[in-house]
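Record features, source TrEMBL:
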- 30-52: transmembrane segment (TRANSMEM)
- 64-94: transmembrane segment (TRANSMEM)
- 73-448: domain 'Cation/H+ exchanger transmembrane' (DOMAIN)
- 144-165: transmembrane segment (TRANSMEM)
- 171-194: transmembrane segment (TRANSMEM)
- 206-234: transmembrane segment (TRANSMEM)
- 246-267: transmembrane segment (TRANSMEM)
- 274-293: transmembrane segment (TRANSMEM)
- 299-318: transmembrane segment (TRANSMEM)
- 362-382: transmembrane segment (TRANSMEM)
- 434-454: transmembrane segment (TRANSMEM)
Amino acid sequence: MGKNPESIHLCLGPNRRRSSKSIFVRNWPIVSQPLALLAIFALLWGIAYSVLPRELTEPNTPFMRLWFLFVGAQISGILVSLTGLPDMLGMLFWGVLYTNVGWAEFQGLQKVEVFLRESALVNIMLLAGLGLDYDSLKRLFRFIMQLTLIPTVAEVVAIAVLSRYLLDLPWLWGVLLGLVVTAVSPNVVVTVLLRLKEERLGMNKGIHTLIIAMTSCNDVLAIFLFGVILGVIFSTGNLTSQILQGPIGIVIGLVFGGACGAGLLYLPSYTAKYTNGLRFTITILAGTLSVVGSKLIGYPSAGALGCIMTAFVAGTGWKKRIDYDTNEVEMYLDLLWKFLKPVSFSLIGKEVNFSVLEGKTVLYGAITLLVAVVLRLAFSYISTLGSDLNWKEKAYVTLSGFPKATVQAALGPAALDLARSLNATDDLPRAQTVLIVTVLAIVFTAPLGALLMIKLAPRWLKKELPETNGA
């Protein structure tokens with residue numbers, strides 16, 4: 001005899017309810033954190049609406065459009081993360097959508113936008129510095145230099161040659177484009193590494209240190225040479241001073257960061273009541289001064305390096321003390337990144353404006369990028385030969401040089417802005433081509449690079465077991 005459908009429903013109903021409840025309970029720790037951030041954003045808006053003039057808090061004002069950009073990025077990140085994809089993809093594409101429907105007009109808030117972008121860079125560079133391991137850095141120094149120089153040269157040369165014949169750019173403009181494209185995105189790479197650190201993937205053999213150091217050195221080199229070539233193209237400033245700017249900026253960053261990091265080893269005292277809070281505050285302020293101060297004195301390449309050096313020197317000293325927990329400062333920085341992450345990736349996405357794209361330039365630009373990136377990956381893998389990494393770990397380190405976003409968003413429009421300010425009409429089409437290819441680099445590599453790094457990590461990297469105290 002068949003069973004009564006109603007009885008079947010009654011039997012299965014509680015199980016289904018328990019199953020759905022268990023799924024909710026299991027996922028709540030993951031979902032609750034971004035929802036808490038949304039609640040904080042909402043409360044801050046409520047406070048702003050209560051105390052600020054209405055011309056700042058009405059929905060159609062530049063201030064509120066900027067605010068909705070960040071809130072929408074957080075919501076998009078939550079929705080995308082529910083599908084199993086990295087939340088940064090949702091934040092990035094929200095920024096792309098925002099600018100292409102005409103909402104990304106923040107008149108009078110350009111300096112605020114720049115400061116927020118720099119704050120995110122400071123945060124991520126400090127986290128990167130704390131993630132460096134001195135022993136691994138010393139052991140892997142040769143491979144760091146190889147991974148910095150060989151793939152960078154290969155990619156820049158490939159782009160210069162291809163853009164000469166496909167995009168009709170002069171050689172110097174081709175080199176300039178290559179230097180813009182070759183920079184690796186610290187925001188994407190370090191964000192992925194932070195996630196892998198939580199999952200304890202790739203913690204062995206100094207892989208995190210190798211990737212962070214390679215990314216930092218690559219960006220410093222690209223930014224320095226970009227400034228030199230840009231100065232030569234537009235004949236701005238003395239050539240000797242342009243060439244010396246990079247090395248001087250590196251020295252300034254190392255000295256300033258080293259001094260701040262050394263100071264953090266003694267100030268405040270390890271036994272002070274609010275040691276971790278004060279160290280976190282000083283670390284953030286030192287990193288911020290490094291970035292904004294380096295721009296003020298005309299050596300912007302010193303900024304990010306100063307941030308990394310501050311955190312690296314301080315973190316290395318803190319780790320040597322058995323009686324001091326270094327994780328507190330890193331935890332505060334990680335919490336701050338939860339707020340700045342939607343800010344950073346939505347502002348990167350905002351730079352992807354489809355209205356500047358032209359069919360022929362897009363096609364040849366895509367071909368140029370494809371060939372150059374493949375060459376970069378090939379030479380990156382060759383650069384890891386001789387290390388103690390297995391082939392999967394070498395492939396993962398190679399893949400970490402793929403994402404482009406942060407530096408491209410900053411350098412891509414620079415040539416066009418300078419050409420307009422100098423009224424260099426002959427150079428405007430070339431600068432526009434550089435911007436178009438830069439946009440393509442962000443669109444093609446940032447989301448795909450982040451996705452591949454996250455999805456392939458469990459397959460290619462070993463999981464380190466947490467240390468247990470013996471009986």
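Placement of Cβ uses the backbone N, Cα and C atoms for every residue, glycine included.
These numbers come from a predicted model, not from an experiment.
Long-range contacts of the transmembrane segment (30-52) within the same chain, counting only residues at least 6 positions beyond its ends with a Cβ under 8 Å from a Cβ of the stretch, are 67, 70-71, 74-75, 77-78, 81-82, 87, 338-339. Sequence-distant contacts of the transmembrane segment (246-267) (same chain, at least 6 residues past either end, Cβ-Cβ under 8 Å): 220-221, 224-225, 227-228, 279, 282-283, 286, 290, 294, 297, 299-315, 317-318. Tallying C-beta pairs under 8 angstroms between the transmembrane segment (362-382) and each of 64-94, 144-165, 171-194, 206-234, 299-318 places 144-165 first. Two recorded stretches are said to be in contact when at least 3 C-beta pairs lie under 8 angstroms, sequence spacing 6 or more; the transmembrane segment (434-454) and the transmembrane segment (206-234) fall short of this definition. For the transmembrane segment (206-234), same-chain residues at least 6 beyond its ends with a Cβ under 8 Å from one of its own Cβ atoms are 125, 128, 131-133, 135-137, 139-140, 143-145, 147-149, 152, 172-173, 175-176, 179-180, 182-184, 186, 189-190, 193, 196-197, 242-243, 245-247, 249-250, 253, 300-301, 304-305, 308, 389, 393, 396-397, 400-401, 407, 411, 414-415, 418-419, 422, 424, 427, 461. The list of residues near the transmembrane segment (299-318) in space but at least 6 beyond its ends in sequence, with Cβ under 8 angstroms from a Cβ of it, reads 121-122, 125-130, 132, 134, 186, 216, 219-220, 223-224, 227, 245-246, 248-250, 252-254, 256-258, 260-262, 264-265, 279, 283, 286-287, 290-293, 324, 326, 329-330.
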